[in-house]
Amino acid sequence: MSILNEPQGASAAEDSYENELPVRRKQPGNVVIKWLTTTDHKTIGTMYLVTSFAFFVIGGVMALFMRAELARPGLQIMSNEQFNQAFTMHGTIMLLMFATPLFAGFANWIMPLQIGAPDVAFPRLNMFAYWLYLFGSTIAVGGFLTPQGAADFGWFAYSPLSDAVHSPGIGGDLWIMGLAFSGFGTILGSVNFITTIICMRAPGMTMFRMPIFTWNVLLTGVLVLLAFPVLAAALFALEADRKFGAHIFDSSNGGALLWQHLFWFFGHPEVYIIALPFFGIVSEIIPVFSRKPIFGYMGLIGATIAIAGLSVTVWAHHMYVTGGVLLPFFSFMTFLIAVPTGVKFFNWIGTMWKGSLSFETPMLWSTGFLITFLFGGLTGVILASPPLDFHVSDSYFVVAHFHYVVFGTVVFAMFAGFHFWWPKFTGKMLDERLGKITFWTLFVGFHGTFLVQHWLGAEGMPRRYADYLAADGFTALNTISTISSFLLGMSILPFFYNIWKTAKYGKKIEVDDPWGYGRSLEWATSCPPPRHNFLTLPRIRSESPAFDLHHPEISAIDQLENVGHGEKALAGGKEAGK
């Protein structure tokens, strides 16, 4: 990578010697060896994205089995034991094997490009973190291969359900140690991200010129270092209980509540660990398709810092009904965390306001995220109130809220990010028509599945039950939810077809920025980038270096306006001094 220089755009990559060589078909064995031994952050990012998406499909299939079971009263296709394993592993897979490593995938791919770094700070540690995640997750899911099946005590493993008496199978032990393994990978990855952002920014890339996505990766990394060691310690203590009779989480000495405190001190920051990076993705996409810089850049960063700080003060709102927590404090802090989240909404809507909007597929997914996450946030404010929470705790109202928040953030923003950065990943654009078909089928299927679950919960249907009576009156809404869930599941098919069609027939991108209005630094290098990302780096004078590079006439006007404002302020100061 050269020192600062005025780049030649996409032609710089085309002029390189590598691009003059004849294109050869890679041997499958060479590809496998490359993936097994790589330390390139882009390849590792791709591995994270592919693996996490595979777990997304596996977790989704489990969800469809559960919805098929609940379509009608009576046991249809699963026993109670199988249903317990399904909801335990569905939650575990979606949160810790899909959403968390998906953040690592996007961060690995995009963050070094956005700060002008040639790679991450510790490439081999990066590779090690991925393999810890993969093998840890495989160990946890491997419980399905054991005689008594996988873990069946719910994904938050409440004591005493998770002790050796109530869950004697080896599936529980595999779940505990697999998640500890995988968690170490997440911790090591976050150390890498934080070090890279602090130490490896390009010349001119000050902290307050960093893209919002990079800021969110930094704060997410800090949250991981606060939350995941607590989970690892709690998991080892639980395994000591199960194997060595340590009696740490015995109900007789308050251990059941101790587990809840330890788990939720991890669990609530975890929700923001999987939310903040995807907020960052949306914050990158909306300005590009609004043809405007982000509204309130500093305020958006401040709101993100506030969310990260407050996220470690609200864990016991999961424990209102235990009677063992200070309700006024945790209720107030939970209401309070809605404020910076609301600030973010004003930033996003303010960016779109009076912008030159165009609804290409990434923008469509981002708009779907705004609508869905807003619904989830509103039901979160309801659950923050202890009297209302007492009524709907452990009901389908909580299930609906959680899916609106997590699915609405992670999955909608994931597809937005895929469609937005696919040219950067592969050098080809995903098909717009197929992308819109995927969006509308998923959007309708999702809301049909989970909107009605709010009413089911308010009417009293408990979560995690495999069966209900016809006399309960839950049948109609459950049937609607199940039909919609299969529409939601089918929405993945056009996306897979889109990937295949693009790979086989898509045209090669010849420019650095195929969207035309990209602002951050990844749009100032070729699609896909060279091994160390940049052949030349543009000068970084603002938080939109790629836009300044490709639209110098607009950046020149902005600089003149800034100089004019500065001169007026200076003159005003002199007058005040007189």
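Cβ atoms are placed via backbone N, Cα and C, with glycine included.
Residues annotated as Fe(II)-heme a binding site in Swiss-Prot, with similarity to another entry given as evidence: HIS90, HIS403. In the three-state DSSP assignment, the secondary structure recorded for HIS403 (Fe(II)-heme a binding site) is helix.
Residue environment of HIS317 (Cu cation binding site) contains 24 other Cβ atoms, counted within 10 Å of its Cβ in all protein chains. Taken from Swiss-Prot, the feature Cu cation binding site applies to HIS268, TYR272, HIS317, HIS318.
What Swiss-Prot records for HIS401 is heme a3 binding site, and it gives similarity to another entry as the kind of evidence. For HIS401 (heme a3 binding site), other Cβ atoms within 10 Å of its Cβ number 24.
Per Swiss-Prot, the feature region 'Disordered' maps to 1-21.
Residues or ranges marked as transmembrane segment in Swiss-Prot (evidence: sequence analysis): 44-64 (among others). Through the fold, the transmembrane segment (44-64) approaches residues 35, 38, 86-87, 89-90, 93-94, 97-99, 101-102, 104-110, 126-127, 130, 133-134, 137, 141, 411, 425, 485-486, 489, 492 of its own chain, all at least 6 residues removed from its boundaries and within a Cβ separation under 8 Å.
Counting residues 6+ beyond its ends, the transmembrane segment (93-113) has Cβ neighbours under 8 Å at 41-42, 44-49, 51-53, 55-56, 58-59, 62, 119-120, 126, 129-130, 133, 137, 140-141, 155, 179, 182-183, 186, 189, 193, 196-197, 200, 213-214, 217, 220, 270, 273-274, 277-278, 281, 406, 410, 414, 417, 421, 424-425, 521-522, 525, 529, 533 in the same chain. Annotation source Swiss-Prot lists transmembrane segment at 93-113 (among others).
Under 8 Å from some Cβ of the transmembrane segment (125-145) lie the Cβ atoms of residues 38-39, 41, 44, 47-48, 51, 55, 58, 85, 89, 92-93, 96-97, 101, 104, 108, 151, 169-172, 174-175, 177-186, 188-189, 191-192, all in the same chain and six or more residues away from its ends. Marked as transmembrane segment by Swiss-Prot: 125-145 (among others).
For 174-194 (among others), the entry in Swiss-Prot reads transmembrane segment, with the evidence type sequence analysis.
Marked as transmembrane segment by Swiss-Prot on the basis of sequence analysis: 217-237 (among others).
Counting same-chain residues at least six beyond the ends of the transmembrane segment (262-282), those with a Cβ under 8 angstroms from any Cβ of the stretch are 95, 99-100, 102-103, 106-107, 156-158, 211-217, 219-220, 223-224, 226-228, 230-231, 233-234, 237, 304, 307-308, 311-312, 314-319, 344, 348, 366, 369-370, 405-406, 409-410, 413-414, 416-417, 420. The transmembrane segment feature in Swiss-Prot is assigned to 262-282 (among others).
Sequence annotations record features per position, and here Swiss-Prot assigns transmembrane segment to 294-314 (among others) based on sequence analysis. Within the chain carrying the transmembrane segment (294-314), a Cβ under 8 angstroms from the stretch's Cβ atoms is held by residues 208, 212, 215-216, 219-220, 222-223, 226-227, 265, 268-269, 271-272, 276, 279, 283, 286-287, 330, 333-334, 336-337, 339-341, 343-344, 346-348, 350-351, 353, 543, all 6 or more beyond its ends.
Taken from Swiss-Prot, the feature transmembrane segment covers 319-339 (among others), and the record attributes it to sequence analysis.
Remote same-chain partners of the transmembrane segment (363-383), defined as residues 6 or more beyond its termini with a Cβ less than 8 Å from a stretch Cβ, comprise 278, 282, 285-286, 289, 317, 334-335, 338, 341, 345, 348-349, 357, 389, 392, 397-398, 400-409, 412-413, 415-416, 419, 435-436, 439, 443, 446-447, 451, 454. For 363-383 (among others), the entry in Swiss-Prot reads transmembrane segment.
The transmembrane segment annotation in Swiss-Prot covers 402-422 (among others) and is backed by sequence analysis.
Annotation comment: Swiss-Prot describes 437-457 (among others) as transmembrane segment.
For 480-500 (among others), the entry in Swiss-Prot reads transmembrane segment.
For the transmembrane segment (437-457), the neighbouring stretch richest in Cβ pairs under 8 Å, chosen from 174-194, 217-237, 319-339, 402-422, 480-500, is 480-500. Cα of HIS90 (Fe(II)-heme a binding site) to Cα of HIS401 (heme a3 binding site): a distance of 17 Å.
Secondary structure at TYR272 (Cu cation binding site), as computed by DSSP, is helix.
Cβ environment of HIS268 (Cu cation binding site): SER311, VAL312, VAL314, TRP315, HIS317, HIS318 lie under 8 Å away, each six or more residues apart in the same chain. In this structure, the CA atom of TYR272 (Cu cation binding site) is 14 Å away from the CA atom of HIS403 (Fe(II)-heme a binding site). Apart from HIS268, TYR272, HIS317, HIS318, the residues listed for Cu cation, the same chain places the Cβ atoms of TRP264, GLY267, PRO269, VAL271, SER311, VAL314, TRP315, THR334 within 8 Å of the centroid of those Cβ atoms.
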